[in-house]
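J.: Starting off with a structure, shown below.
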Amino acid sequence: MASPHQYHQADAPDDGDSDSDLDLELDLAELDPLAASSSSAASPPRRPSKEHRKRYHELGARIPLRNLRVGRLRSMRRTQETEEEDLRELIEDEDGGNRNSGGSLGLSGEDDAPLLPSHRTRPRRHQPAPSALSRFGSTLRLPGFMSSKPNTPGIQLGEGGEGESDAEEEHDPTTQRTISVGHLQTSRFPANAVSNAKYTPWSFLPRTLYNEFSFFINMYFLLVALSQIIPPLRIGYLSTYTFPLGFVITITLGKEALDDIARRRRDAEANSEGYMVLKFEENSVGNGLAPGKTSDKKRRLRKGKKSGGGRLSDLEDEEARLSSSKGVSTANYFEIIKPSRSLKVGDVVKLGKDQRVPADMVILKSYSHDSTLPTTAKIGVPDASPTLVDDDASGLLDLGENSPKSNTAATSGASGEAFIRTDQLDGETDWKLRLTSPLTQNLDVGEFTRLQVVAGKPDRKVNEFFGTLELQPKRQRQYDPHDQGTQSATSDQVQSAPLNIDNTVWANTVLASSCNVLAVVVYTGPQTRQALSTSPSRSKTGLLEYEINSLTKFLCIFTLSLSFILVALAGFRDINERKWYVSMMRFLILFSTIVPVGLRVNLDMGKSVYAWFIEHDQSIPGTVVRTSTIPEDLGRIEYLLSDKTGTLTQNEMEMKKIHVGTVSYANEAMDEVSTYVHQSFTAPAGETPTLVTPSSAYVAPLTSATRTRREIGSRVRDVVLALALCHNVTPTTEEENGETITTYQASSPDEIAIVRWTENVGLKLLQRDRESMTLQSCETGNVVVRVRILNVFPFTSEGKRMGIVVKFYHGPVSSPTDEDGEIWFYQKGADTVMTSIVAANDWLEEETSNMAREGLRTLVVGRKKMSAQTYQEFSTKHAQASLALHNRDNAVAEVVKEYLEHEVELLGVTGVEDKLQKDVKPSLELLRNAGIKIWMLTGDKVETARCVAVSSKLVARGQYVHTIAKMKRKDLAHDSLDFLRGKPDACLLIDGESLALMLTHFRSQFISIAVLLPAVVACRCSPTQKADVAILIREYTKKRVCCIGDGGNDVSMIQAADVGVGIVGKEGKQASLAADFSIEQFCYLTKLLVWHGRNSYKRSAKLSQFVIHRGLIISICQTVYSIASSFEPNALYRDWLLVGYSTVYTMMPVFSLVLDRDVDESVANLYPELYAELKTGRSLSYKSFFIWVLVSIYQGGMIQGLSQLLVGVHDDDMKISTKMVSVSFTVLVMNELIMVAMEVVTWHWIMIASIFGTAAIYFGSVPFLAAYFDLGYISSLAFWWKFCAIAIISLVPPYAGKILGRTLRPPSYRKVRGI
């Protein structure tokens, strides 16, 4: 049997000084039983050691021996450095041998570890420079569990290429995955990148062109342009028809491209957020390098190690042996910063407080800030790493810390607990407690590479996860001649631990604890819970676009009909040797201006102007238009679906009110509470401070020694003390800017708000652990209350209450005792459950109702004193009930009810407010008056949602709220629907479970009733349910739906809406990045809809009608000319006149209508009912369209008809009369400019400049139009009187009709403006 001190084998090089070290040949079993037991783990022990009797060996027991050996060998160090180098090189270069140099190069001191297998000498596929071997080898090495033979010991080197080829295989997302922590994975997983882009470089052109030509107007003009390729159909220049279409498509595609590029830039910003990642380098022969290689850097580090002596085979063996019973860590590690997009499955990420989680992860370790991990690779033995000191058949781990610095990990966080905020994921305000697995919490970080996580396939269920954590056996690196091929049972044993939702942190949650967490990435990018709950981006098209599309279809039918009529009037005869159908096609092309191709250009440019107005509005700073194609829809919203947490509320709780039975305190009156607390917890001058208990006499000052004030003061003290003790809050201290700040951690923000309030009134929670709690007076700084925690009954959604049993310490502060201490049971909970628990009273129900009407979240507080004997009986029965195999929960509840939850003394009622976002109440009221039905969809609890609905005035005072919760039966659902059908003014409050039942079995009935209700609140909604509701409302009502949210859980809803609005939240920008419009506060939404939405819609409606009028009037002129010229399909205005009319001569005045507004902003806010009128779509309806068609027909007929009558159609040579063209075209252009002026409501200087500027441009260009005009005729008096006469006849009747209509039926905006 090998004795523990036999470092050298028979064939090892002789050491000349070995004889001089005989004094080190001590019996390790006597001096250091831990080292002895660990080194001989593979062979039967010579005799039982203390280690087998006492598992958790004291670390201090081995320090004297350690110091003895290190001190003895350090004196020899200077004289033996050269010898050490020679010996090291000899050992490294030796290929086979039976050498067992237990500490060489930081090698494991195990005696049962064999040498590396023979394939170690095989050349690597990629041979890098020696200095880079460490990094390169760590990235190419296969995980240990991938070893070809399970029983083959050693590290598999030189197989990197194979690992890379395996990683090329795409992982099948429908199967479970096995993840090797800290290694390259054998399968390829998606990148961890957020993408809100609608297009890829390859899909951009196909998708955008498809979207563009799905509009009838564009397809029509494409066919017209293509027709010019056919010679018989060609009219004028080809560019006359292709250029406008190309211009339209280029503008539209350019805008889409810019929008998508902007999205990609924002995504890149989110994806480049840096995270600390642990990079592992496996130790092979102790240095992470291939056998036979070493690096100068690591050699220097090794030389400089304090533990390194001159005798390599003795000292380093001993150091490795003593720092870890299994030798050095499996891997060294160092920290690197990776951008979020570069995180891969298997990466170990270090997260800190308030840091967003970048991917779905499993927590491995939680530790406080004091116990920071080493930030650089520790060569050989990590100085401050936890070590594995036992690995027997039981599979349990016993770990110790070698550094006093790391021992501070016993503070908050070392227990493996961490709180996270999930409001960005599921909308819930409560913090969630997450736990690490016991298998990894105390495991050395260097051993993480032995871990494997087996996880299920990617799933969208955010509250469910099942997996397994496996710790692989430590791989052996040495050959032990005394253990010929036999291995202990423990060396091959894989330790496993189950994983569930409590061990996970999902992407877009936020670490709330004041600790650091190490977590391994399990799901990335599109496979995270967040992404799977998010619907893909879709291209959104405004309602106005669809309305114009339908109008253009009518115009096309009108064009076809007109062409057919003209051919029919010609008797279907051949004209100029052209068949009648060719003539009809030519007429279609001539009348193509009826379908205005420039309409899309004008509208798209108008949208860009609206976006500029929105983004540069100083009253809504930070607003960003991410989708510039739908601003008009902001003026057509009928349903607003809002998230609660972070959207309507700030998710910041504040204690607003407390009622103690006879008196209520709120606002400034809280100062009186502070006075009572000060009197109660301050010792009289000259007396020794003693701990306060509930039975301590309340000492009131002589100035207020009335009986009533003493009673009130005593009640206030009791309720404040109860609130300061009855909770699950843990205080933590942090340093910010040199100041120590106390923060609180708890699963419920309500509890934190109450504990903060007790601190504000003078009683601070100083310390809390599992066993005790200490309270401090804020004024004196003295400890005033100390209790021992006997039992805690945590809050549950079913119980709706939490309780605590405490035993008070008493006596002087310097020497307190809990002998014969008072035992009290404190409880707080919802009024619905506490009413039956507290003693009879006459004020509880009234006060809770009053607070609920104010939107406050009420908690009823009570207490009960217990004798020691009663508590002992309770404790015994409670322990027995806790061991019951059947109906354990019911048994425990019965015991608690029997001994604790009856005749509880009622102390008071608290009212906590979930702070609303700025101006939420007036904003919701204004939107409701604007005719918008508001739904609140939240993932939070029913009670919380109800309180916020009331406090935000979403539910009016006195309005009946019909609640549907936990409904599982279809007949009950049917009854609820019948009730709502008969009460259409009620507010509906429904939870996710009941909503799922309704949508599954009563989809159409439910939505038909719900859309008629003034308000609907849906709680416990999953992200998918939110999106389903939005889609259902859209499909059923065909109305515009706006969704607003701030969290990642709102992205699906935002993308499913017609208009998605994202609020830039505290925890991230997921919602704002995916939204069409991004704002910074909820109150900005009112201006976005009521002002900018109104203007965008009204302006686009007027602009589109003018563009249609502009195209229709010139086509009517063409029709009149064709009739006068024997139905020949020849052009009246050719080439430049046709192009110039649509662009230079009319475009700017018509486009300047995007600056018009019918009311001022103050009027729009004062009369939100004006917004309700927009939903009817009267600004661009069939009625208004046909009015404009009639005006166009009248004006076109008058202009061309009178021109032909007054001037003539043809010249003497039967060619078209240039005099007639001069008159008709001039009147046509001026008619359009004057019509624009007639339609303007509010003048802008740009409008005036564009009208007069365009007129000047036109008359300035006339001298250059000699090919089309008779310039001599234009300068004559005959031209001008005919021009004026025709213009007056064409303009006066439409204007007179408009004035008459305004007088008989004035529009609403004229009524409110008083004009």
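Here, residue 1 is simply the first one shown, and the rest follow in order.
Placed from the backbone N, Cα and C atoms, the Cβ positions cover glycine too.
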J.: Of the ranges 999-1018, 1219-1238, which one does TrEMBL list as transmembrane segment?
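T.: Checked against TrEMBL: transmembrane segment maps to 1219-1238.
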J.: So which of the recorded positions is most packed in, judged by how many other Cβ atoms lie within 10 Å of its Cβ, out of Asp643, Asp1046?
T.: Asp1046
J.: Take the C-beta pairs under 8 A between the transmembrane segment (1245-1267) and each of 584-603, 1136-1155, 1185-1207. Which stretch has the highest count?
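T.: Most contacts with the transmembrane segment (1245-1267): 1136-1155.
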J.: Inside 10 Å of the Cβ of Thr645 (Mg(2+) binding site), count up the other Cβ atoms and send me the figure.
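T.: The Cβ of Thr645 (Mg(2+) binding site) has 29 Cβ neighbours within 10 Å.
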J.: When you look at the transmembrane segment (584-603) alongside the transmembrane segment (1136-1155), do they share 3+ Cβ pairs under 8 Å, ignoring any pair fewer than 6 residues apart in sequence?
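T.: These two stretches do touch.
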J.: If you measure Asp1050 (Mg(2+) binding site) to Asp643 (active site, 4-aspartylphosphate intermediate) at Cα, how many Å is it?
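T.: One finds 7 Å between the Cα atoms of these residues.
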J.: With every protein chain in view, what's the tally of Cβ atoms within 10 Å of the Cβ of Asp1050 (Mg(2+) binding site), excluding that atom itself?
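T.: Within a 10 Å radius of the Cβ of Asp1050 (Mg(2+) binding site) lie 36 other Cβ atoms.
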J.: Return only the integer: C-alpha distance in Å from Asp1046 (Mg(2+) binding site) to Asp643 (active site, 4-aspartylphosphate intermediate).
T.: 8
J.: Taking the domain 'P-type ATPase C-terminal' (1073-1306) alone, what is its mean pLDDT?
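T.: Its mean pLDDT is 89.
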